[in-house]
């Protein structure tokens, strides 16, 4: 609820403490008293009406004066209009012409800069006057007056005023509002709307509560836009929309009609209305005998913001205003005027004028700070930093930090320092010293600037010393997180060294000292500490700073700490630490040497081949599971040495592999059967060697051992004829699972037969298909035309005279010959081959040579057959 105080103050100063103190809802409006010249006017006179323009205000008084005021309330012009009450002041949109009417019947419409216009005295009081919104334009010189009649005045082309009666007979006209071509007025019966363009009255909105006196509870009218009229009368509000009528429905009806889109009752009596976006600002008069209000608030006017709904409304905010002499005022004494351009609302009473305006972002921040909602205030200031005028983001942030410190929320306060203090070094250092004073350096330590902005080294050293004194772990964390350039490294090293004198085995301090040595590039000392502590970062330190020359004599320490990482590092950097050097260092630790050589062998079977002989003993001693894979993969391992070691240790599998690799397969098979007694391994070994003699030895050894015979029957079917084994089995010998083994042999045999038959069918089908395809291909015709030539004589294949008979031979290879140019058929009678294609198998040019040779042979044979006494013609013919 709002309370108006003297002077220009913010809305919080107008808020009544009894109702707003505990409210968490932010008010929507703020209030100021219109002072300056207005204060002096209202001390001697009383306000009767006021009209608002975007540029100035026009105030009418009970003593017949009209004052033009600026927005701050300073008087700019004064007009002595009458000696009695000014009832209404009307301005056009340009603010250049004004219409004034008074209780003694005077009506004046004139230009503020010319004073030329209409001046008339009527014999009855004129309650309202309204000039055309476009009165400045020559063709809109119109205004209306309202007393007992509604009269329209128009200036004609002779510069004379023509009067038209628009309405009478329903009591005095109490309110007129003109918007565009629509005039709305109220009388004792209701509200009418007149379309000045079509000169038609559109509607009549009846008054709801006829028991209220119209002169005591006058009607309030307000245009929201060119088609929406808001009507408030008594406790009733109606929102009317002027719409165009469908041409097919007109007949004798007006071209427009009015639809009431919202109608609802309010709790109090309406003294004024004004639009605010899609909401309404309503000025209410509260009767003194209202039982719903506390006695101290009775008769105070209320300014509410409501959201209209079709049949009711929702209250958004409500402020009770304490204006001067509010106890003496009635509903008709209050008015509400508004400025559309700036959303300003003026509450006019006889002795006071209050301006209500929407709260801006500065007001919002003021309210948040008052409610101690500092975080929201800071966020609002950051979002609207370009629009706020009275507040500074950093100052709000400092207030927030102070508030958090007072609450004891030091961690949040320190975290907010990052955002609020920004790059202001002086503020940062002040905050650090404040946190030191209250013993909370730890809270601010993790938020200190470390990037482009850096405080003095003494600040960081002060915090480090505080942590070193009270919290070793926190000290180590800061050393890891802070760049070494922030503080004097040597001073911190000395401080840590002093503490280590009292606690020399403290691992946290030792690790931190190693990190400080690293920052100071004393890597050898850092490495010593890391190795002493077996710290996981030792390998990273070695890699990062290339300390391989420093670890040549520390390989055993590294291996003891983490074998896998150490070996990987050594193998990755063989160019810096050679294999020979590593082997030399690990000579006294064979278990570590084996790990190193094993990984080296895994990476490259040929690397370190000189140590393969040594590795045999290492595998046999420390890693037998990998001995056999090593023997399989190594090509540099001395087999005799390996065999000797394996036989000494009775490693049967490894011995079998070595014997087979050295060619002594019979001995290897014998060991499998005698020592391992594993028929499956024996069979696998025989299959791998694929030697008939081994199979014979295996059968001979197994013939008196039924389990071995079962294994052989189940597995040798594809390598050895099972009949040979079956014939050698002694009669009467009991063999486990013999029936199943024989069934499996028969099934395997049937499977082989089926596979063969299936393969045969596939082969025959494919052969037939390919033969048919070849036959279809060879049966196709071949085009022969004049472009083709004989491959023998190279003449055109077709004669120039197609009428003569001729013979042409075309092969499937598409080579063509004259029949007479072909050589004699080959050895197969009647079968002719293309000599060109056949010659490709014998060499280039052989086909042509053969054809020439064949032709020459034919000529020689003909010459031999020709008689010696034949004449020239006969020889020629014969030839």
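Each position is counted from 1, following the chain as shown.
Cβ coordinates come from backbone N, Cα and C, glycine included.
Remember, it's a predicted structure, so these values are computed and weren't measured experimentally.
TrEMBL assigns the feature region 'Disordered' to one of the listed ranges (1-30, 31-60), namely 1-30. Cross-referencing 834-856, 857-879 with TrEMBL places the feature region 'Disordered' at 857-879.
Taken residue by residue, the domain 'RING-type' (790-838) breaks down under DSSP into 7 helix, 7 strand, 35 coil. Averaged over the repeat 'CHCR' (567-711), the predicted model reaches a pLDDT of 79.
Residue counts for the repeat 'CHCR' (567-711) by DSSP state, with H, G and I taken as helix and E and B as strand, are 111 helix, 0 strand, 34 coil.
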